[in-house]
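See below for the structure under consideration.
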Amino acid sequence: MRIVFWGNPEFAVPTLEALAKIKSVSLLAVTNPDKPVGRSQDLTPTPIKTLATKLGIAILEPANLKEPDIAQKLKDFHPDIFIVAAYGKIIPANILSIPQLGALNIHPSLLPLYRGPTPIEHAIANGDSQTGVSIILLDEEMDHGPIVARESAPIETDDDRITLSRRLANDGARLLMKILPQWTSRELEALPQDDTHASYTKRFERDEGRIFWNIPAAVIERRVRAFLGWPDSYALWQRNNDILRLKIEKAHVVLGSAAERSYGATWQSADAAIAVQTTEGSLAIDVLRLEGARSMPAEEFVNGYPDIIGTELL
(Lines of atoms letter the chains of each structure in order from A and count residues from 1; the text may use other names and numbers.)
(Lines give C-alpha, C1' and ligand atoms only; values in the text may rest on other atoms or scores of the structure.)
Protein backbone atom coordinates (compact mmCIF):
# COMPACT_ATOMS: atom_id res chain seq x y z
CA MET A 1 0.00 0.00 0.00
CA ARG A 2 1.19 3.49 -0.86
CA ILE A 3 0.41 6.18 1.73
CA VAL A 4 0.93 9.92 1.68
CA PHE A 5 1.19 11.16 5.27
CA TRP A 6 0.38 14.81 6.01
CA GLY A 7 1.46 16.40 9.29
CA ASN A 8 3.64 18.94 11.05
CA PRO A 9 3.87 18.99 14.88
CA GLU A 10 4.73 16.49 17.59
CA PHE A 11 1.09 15.37 17.66
CA ALA A 12 1.59 13.77 14.24
CA VAL A 13 4.78 11.87 15.14
CA PRO A 14 3.28 8.70 16.71
CA THR A 15 1.12 8.12 13.64
CA LEU A 16 4.01 8.39 11.19
CA GLU A 17 6.10 6.13 13.43
CA ALA A 18 3.32 3.53 13.44
CA LEU A 19 2.86 3.66 9.66
CA ALA A 20 6.61 3.34 9.10
CA LYS A 21 6.59 0.01 10.95
CA ILE A 22 4.23 -1.57 8.40
CA LYS A 23 6.55 -3.44 6.03
CA SER A 24 4.06 -3.49 3.15
CA VAL A 25 3.68 0.32 3.12
CA SER A 26 5.53 2.85 0.96
CA LEU A 27 5.43 6.36 2.44
CA LEU A 28 5.69 9.95 1.28
CA ALA A 29 5.55 12.67 3.97
CA VAL A 30 4.04 16.09 3.26
CA THR A 31 4.98 18.77 5.78
CA ASN A 32 5.57 22.51 6.01
CA PRO A 33 8.86 24.08 4.90
CA ASP A 34 11.47 24.94 7.53
CA LYS A 35 10.68 28.17 9.38
CA PRO A 36 12.64 30.62 11.58
CA VAL A 37 12.35 29.80 15.29
CA GLY A 38 13.46 31.55 18.47
CA ARG A 39 15.49 34.67 19.02
CA SER A 40 18.18 33.54 16.62
CA GLN A 41 15.55 32.84 13.93
CA ASP A 42 17.36 29.68 12.85
CA LEU A 43 15.52 27.74 10.15
CA THR A 44 13.99 24.73 11.89
CA PRO A 45 12.29 21.67 10.36
CA THR A 46 8.94 20.38 11.56
CA PRO A 47 9.00 17.32 13.84
CA ILE A 48 7.57 15.33 10.93
CA LYS A 49 10.38 16.36 8.61
CA THR A 50 12.91 15.44 11.29
CA LEU A 51 11.36 12.00 11.74
CA ALA A 52 10.91 11.36 8.02
CA THR A 53 14.55 12.26 7.39
CA LYS A 54 15.66 9.88 10.15
CA LEU A 55 13.53 7.05 8.72
CA GLY A 56 14.54 7.68 5.11
CA ILE A 57 11.01 8.64 4.02
CA ALA A 58 10.66 10.88 0.97
CA ILE A 59 9.49 14.41 1.85
CA LEU A 60 7.40 17.03 0.07
CA GLU A 61 7.41 20.56 1.54
CA PRO A 62 4.88 22.73 -0.29
CA ALA A 63 4.56 26.33 0.83
CA ASN A 64 1.27 26.51 -1.05
CA LEU A 65 -0.88 23.54 -2.04
CA LYS A 66 -2.12 25.47 -5.05
CA GLU A 67 1.32 25.37 -6.65
CA PRO A 68 0.66 23.65 -10.01
CA ASP A 69 3.30 20.96 -9.63
CA ILE A 70 2.18 19.77 -6.17
CA ALA A 71 -0.83 17.79 -7.38
CA GLN A 72 1.26 16.20 -10.12
CA LYS A 73 3.99 15.15 -7.70
CA LEU A 74 1.36 13.51 -5.52
CA LYS A 75 -0.19 11.74 -8.51
CA ASP A 76 3.23 10.50 -9.56
CA PHE A 77 3.52 8.72 -6.20
CA HIS A 78 0.32 6.75 -7.02
CA PRO A 79 -1.05 6.83 -3.46
CA ASP A 80 -3.80 4.49 -2.31
CA ILE A 81 -4.71 6.69 0.67
CA PHE A 82 -3.83 9.92 2.48
CA ILE A 83 -3.40 9.91 6.27
CA VAL A 84 -3.58 13.37 7.87
CA ALA A 85 -2.66 14.40 11.43
CA ALA A 86 -2.44 18.07 12.43
CA TYR A 87 -1.44 19.30 8.98
CA GLY A 88 -3.12 22.63 9.68
CA LYS A 89 -4.25 23.53 6.16
CA ILE A 90 -7.32 22.76 4.10
CA ILE A 91 -6.36 20.28 1.37
CA PRO A 92 -8.05 21.31 -1.90
CA ALA A 93 -10.51 19.07 -3.74
CA ASN A 94 -8.24 18.36 -6.70
CA ILE A 95 -5.69 16.84 -4.30
CA LEU A 96 -8.19 15.07 -2.03
CA SER A 97 -9.54 13.25 -5.07
CA ILE A 98 -6.19 11.63 -5.93
CA PRO A 99 -6.20 8.53 -3.66
CA GLN A 100 -8.93 5.98 -4.32
CA LEU A 101 -9.37 5.28 -0.60
CA GLY A 102 -9.70 8.95 0.29
CA ALA A 103 -8.01 10.87 3.08
CA LEU A 104 -8.37 9.88 6.74
CA ASN A 105 -7.78 12.63 9.29
CA ILE A 106 -6.98 12.16 13.00
CA HIS A 107 -8.54 14.93 15.12
CA PRO A 108 -8.10 15.27 18.92
CA SER A 109 -11.74 15.75 19.93
CA LEU A 110 -15.01 13.88 19.80
CA LEU A 111 -16.29 15.48 16.62
CA PRO A 112 -18.45 17.39 15.91
CA LEU A 113 -17.29 19.03 19.17
CA TYR A 114 -14.32 21.36 18.90
CA ARG A 115 -13.71 21.54 15.19
CA GLY A 116 -10.68 23.62 14.30
CA PRO A 117 -7.06 24.07 15.39
CA THR A 118 -7.20 24.13 19.22
CA PRO A 119 -9.58 21.42 20.48
CA ILE A 120 -7.27 20.31 23.30
CA GLU A 121 -6.87 23.82 24.70
CA HIS A 122 -10.61 24.45 24.60
CA ALA A 123 -11.49 21.15 26.26
CA ILE A 124 -9.14 21.83 29.19
CA ALA A 125 -10.08 25.51 29.54
CA ASN A 126 -13.79 24.66 29.54
CA GLY A 127 -13.33 22.16 32.35
CA ASP A 128 -14.41 19.11 30.35
CA SER A 129 -13.84 15.77 32.04
CA GLN A 130 -13.90 13.83 28.77
CA THR A 131 -12.46 14.22 25.29
CA GLY A 132 -11.13 11.79 22.70
CA VAL A 133 -9.95 11.28 19.14
CA SER A 134 -11.94 11.06 15.92
CA ILE A 135 -10.91 9.68 12.55
CA ILE A 136 -12.86 11.23 9.71
CA LEU A 137 -12.93 11.05 5.94
CA LEU A 138 -11.72 14.48 4.87
CA ASP A 139 -13.79 16.79 2.74
CA GLU A 140 -13.18 20.41 1.77
CA GLU A 141 -14.63 21.86 4.98
CA MET A 142 -12.77 22.12 8.28
CA ASP A 143 -13.14 18.91 10.34
CA HIS A 144 -16.52 18.36 8.71
CA GLY A 145 -16.23 14.99 6.96
CA PRO A 146 -18.04 11.80 7.98
CA ILE A 147 -16.78 9.88 11.01
CA VAL A 148 -14.96 6.59 10.50
CA ALA A 149 -14.07 5.95 14.16
CA ARG A 150 -14.11 7.67 17.54
CA GLU A 151 -12.64 6.82 20.92
CA SER A 152 -13.14 8.73 24.18
CA ALA A 153 -10.46 9.54 26.76
CA PRO A 154 -10.57 11.16 30.20
CA ILE A 155 -9.11 14.58 30.95
CA GLU A 156 -7.26 14.28 34.24
CA THR A 157 -7.40 17.15 36.73
CA ASP A 158 -3.69 17.82 36.26
CA ASP A 159 -3.62 17.46 32.47
CA ASP A 160 -2.14 20.37 30.54
CA ARG A 161 -2.00 21.03 26.81
CA ILE A 162 1.24 19.10 26.44
CA THR A 163 0.36 15.99 28.45
CA LEU A 164 -3.10 15.63 26.95
CA SER A 165 -1.83 16.23 23.41
CA ARG A 166 0.82 13.55 23.87
CA ARG A 167 -1.72 11.04 25.13
CA LEU A 168 -4.27 11.78 22.41
CA ALA A 169 -1.53 11.57 19.76
CA ASN A 170 -0.78 8.03 20.90
CA ASP A 171 -4.49 7.19 21.11
CA GLY A 172 -5.04 8.46 17.58
CA ALA A 173 -2.15 6.45 16.16
CA ARG A 174 -3.38 3.30 17.89
CA LEU A 175 -6.96 3.82 16.69
CA LEU A 176 -5.77 4.35 13.12
CA MET A 177 -3.75 1.13 13.19
CA LYS A 178 -6.84 -0.67 14.46
CA ILE A 179 -9.22 0.55 11.74
CA LEU A 180 -6.88 0.95 8.75
CA PRO A 181 -7.14 -2.69 7.58
CA GLN A 182 -10.94 -2.49 7.79
CA TRP A 183 -11.00 0.79 5.89
CA THR A 184 -8.70 -0.40 3.12
CA SER A 185 -10.81 -3.56 2.69
CA ARG A 186 -13.93 -1.36 2.61
CA GLU A 187 -15.48 -2.99 5.67
CA LEU A 188 -16.08 0.32 7.48
CA GLU A 189 -18.74 2.92 6.77
CA ALA A 190 -18.20 6.63 7.38
CA LEU A 191 -21.20 8.24 9.07
CA PRO A 192 -22.09 11.95 8.67
CA GLN A 193 -21.46 14.27 11.59
CA ASP A 194 -24.42 15.91 13.31
CA ASP A 195 -23.76 19.54 12.41
CA THR A 196 -26.39 20.75 14.89
CA HIS A 197 -24.00 19.78 17.71
CA ALA A 198 -20.88 21.26 16.13
CA SER A 199 -18.66 23.67 18.06
CA TYR A 200 -15.59 25.50 16.80
CA THR A 201 -12.16 26.56 18.01
CA LYS A 202 -9.69 29.19 16.83
CA ARG A 203 -5.99 29.86 17.02
CA PHE A 204 -4.93 31.90 20.05
CA GLU A 205 -2.99 35.12 19.79
CA ARG A 206 -0.12 35.78 22.19
CA ASP A 207 -1.99 38.41 24.20
CA GLU A 208 -4.92 36.07 24.85
CA GLY A 209 -2.83 34.40 27.52
CA ARG A 210 -3.06 37.43 29.81
CA ILE A 211 -4.67 36.69 33.16
CA PHE A 212 -7.31 39.02 34.54
CA TRP A 213 -8.05 38.47 38.20
CA ASN A 214 -11.76 39.37 38.23
CA ILE A 215 -12.78 35.79 37.47
CA PRO A 216 -12.71 32.63 39.65
CA ALA A 217 -9.38 31.01 40.46
CA ALA A 218 -10.60 27.68 39.08
CA VAL A 219 -11.16 29.24 35.65
CA ILE A 220 -7.68 30.78 35.66
CA GLU A 221 -6.07 27.50 36.76
CA ARG A 222 -7.66 25.66 33.84
CA ARG A 223 -6.41 28.32 31.44
CA VAL A 224 -2.88 27.96 32.83
CA ARG A 225 -2.97 24.26 31.96
CA ALA A 226 -4.69 24.81 28.61
CA PHE A 227 -2.28 27.51 27.42
CA LEU A 228 1.00 25.91 28.52
CA GLY A 229 3.51 26.35 25.71
CA TRP A 230 1.27 28.69 23.70
CA PRO A 231 0.06 31.33 24.16
CA ASP A 232 1.22 30.86 27.80
CA SER A 233 -0.67 32.36 30.72
CA TYR A 234 0.90 35.52 32.07
CA ALA A 235 0.31 38.36 34.50
CA LEU A 236 1.75 41.86 34.53
CA TRP A 237 3.68 43.09 37.56
CA GLN A 238 4.62 46.73 38.01
CA ARG A 239 7.94 46.66 39.83
CA ASN A 240 9.27 50.14 40.48
CA ASN A 241 9.16 51.80 37.05
CA ASP A 242 9.10 48.58 35.05
CA ILE A 243 6.14 46.46 33.97
CA LEU A 244 7.27 42.84 33.96
CA ARG A 245 5.56 39.89 32.32
CA LEU A 246 5.26 36.87 34.61
CA LYS A 247 4.57 33.61 32.82
CA ILE A 248 2.68 31.20 35.06
CA GLU A 249 3.36 27.57 34.17
CA LYS A 250 1.74 25.67 37.01
CA ALA A 251 -0.77 26.65 39.68
CA HIS A 252 -3.50 25.37 41.95
CA VAL A 253 -6.59 26.80 43.61
CA VAL A 254 -6.67 27.94 47.23
CA LEU A 255 -10.15 28.49 48.61
CA GLY A 256 -10.86 31.29 51.05
CA SER A 257 -12.51 34.63 51.64
CA ALA A 258 -11.62 37.70 49.59
CA ALA A 259 -12.95 40.07 52.25
CA GLU A 260 -9.67 41.88 52.90
CA ARG A 261 -7.98 41.58 49.53
CA SER A 262 -8.59 43.18 46.15
CA TYR A 263 -8.44 41.19 42.92
CA GLY A 264 -4.83 40.66 41.90
CA ALA A 265 -3.45 41.15 45.42
CA THR A 266 -0.59 38.81 46.27
CA TRP A 267 -0.12 37.08 49.60
CA GLN A 268 1.59 34.12 51.20
CA SER A 269 0.62 31.18 53.38
CA ALA A 270 2.11 27.92 54.58
CA ASP A 271 0.62 26.23 51.50
CA ALA A 272 1.32 28.92 48.91
CA ALA A 273 4.57 30.81 48.37
CA ILE A 274 2.70 33.16 46.02
CA ALA A 275 -1.09 33.38 46.01
CA VAL A 276 -3.18 35.86 44.03
CA GLN A 277 -6.71 36.86 45.00
CA THR A 278 -9.56 36.36 42.52
CA THR A 279 -13.34 36.66 42.72
CA GLU A 280 -13.59 33.10 44.03
CA GLY A 281 -10.61 31.81 45.95
CA SER A 282 -6.99 32.50 45.16
CA LEU A 283 -4.59 31.15 42.58
CA ALA A 284 -1.51 29.63 44.20
CA ILE A 285 1.37 29.89 41.75
CA ASP A 286 3.63 26.82 41.80
CA VAL A 287 6.01 27.46 38.87
CA LEU A 288 6.63 30.74 37.03
CA ARG A 289 9.25 32.69 35.17
CA LEU A 290 10.00 36.22 34.16
CA GLU A 291 9.88 36.56 30.40
CA GLY A 292 13.32 35.72 29.04
CA ALA A 293 14.40 33.96 32.23
CA ARG A 294 14.27 30.34 33.36
CA SER A 295 11.34 28.65 35.05
CA MET A 296 11.52 28.31 38.82
CA PRO A 297 9.40 27.21 41.76
CA ALA A 298 7.47 29.99 43.46
CA GLU A 299 9.53 29.59 46.65
CA GLU A 300 12.74 30.28 44.74
CA PHE A 301 11.17 33.21 42.92
CA VAL A 302 10.13 34.82 46.22
CA ASN A 303 13.68 34.46 47.54
CA GLY A 304 14.93 36.50 44.59
CA TYR A 305 11.99 38.89 44.38
CA PRO A 306 10.50 39.19 47.88
CA ASP A 307 8.65 42.37 46.89
CA ILE A 308 6.26 40.27 44.78
CA ILE A 309 4.36 39.65 48.03
CA GLY A 310 1.97 42.40 49.09
CA THR A 311 1.71 43.95 45.66
CA GLU A 312 -1.09 43.80 43.08
CA LEU A 313 -0.67 42.10 39.73
CA LEU A 314 -2.20 44.05 36.88
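Placement of Cβ uses the backbone N, Cα and C atoms for every residue, glycine included.
TrEMBL labels come from automatic prediction, so no person has curated them.
Among the features that TrEMBL reports, domain 'Formyl transferase N-terminal' is placed at 1-178. If you look up TrEMBL, you'll see S109, L110, L111, P112 marked as (6S)-5,6,7,8-tetrahydrofolate binding site. Per TrEMBL, the feature domain 'Formyl transferase C-terminal' maps to 206-305.
Within the same chain, residues at least six positions away from L110 ((6S)-5,6,7,8-tetrahydrofolate binding site) with a Cβ under 8 Å of its Cβ are Q130, T131, G132, S134, R150, S152. Cβ proximity to the (6S)-5,6,7,8-tetrahydrofolate site centre (mean Cβ of S109, L110, L111, P112, cutoff 8 Å) flags the following additional same-chain residues: H107, L113, Y114, R115, P119, G132, S134, D143, R150, Q193. DSSP assignment over the domain 'Formyl transferase C-terminal' (206-305) gives 21 helix, 43 strand, 36 coil. In this structure, P112 ((6S)-5,6,7,8-tetrahydrofolate binding site) belongs to neither helix nor strand by DSSP; it is coil. Along the domain 'Formyl transferase N-terminal' (1-178), the predicted structure has mean pLDDT 97. Of the listed binding-site residues, namely S109, P112, the sparsest Cβ surroundings within 10 Å are found at P112.
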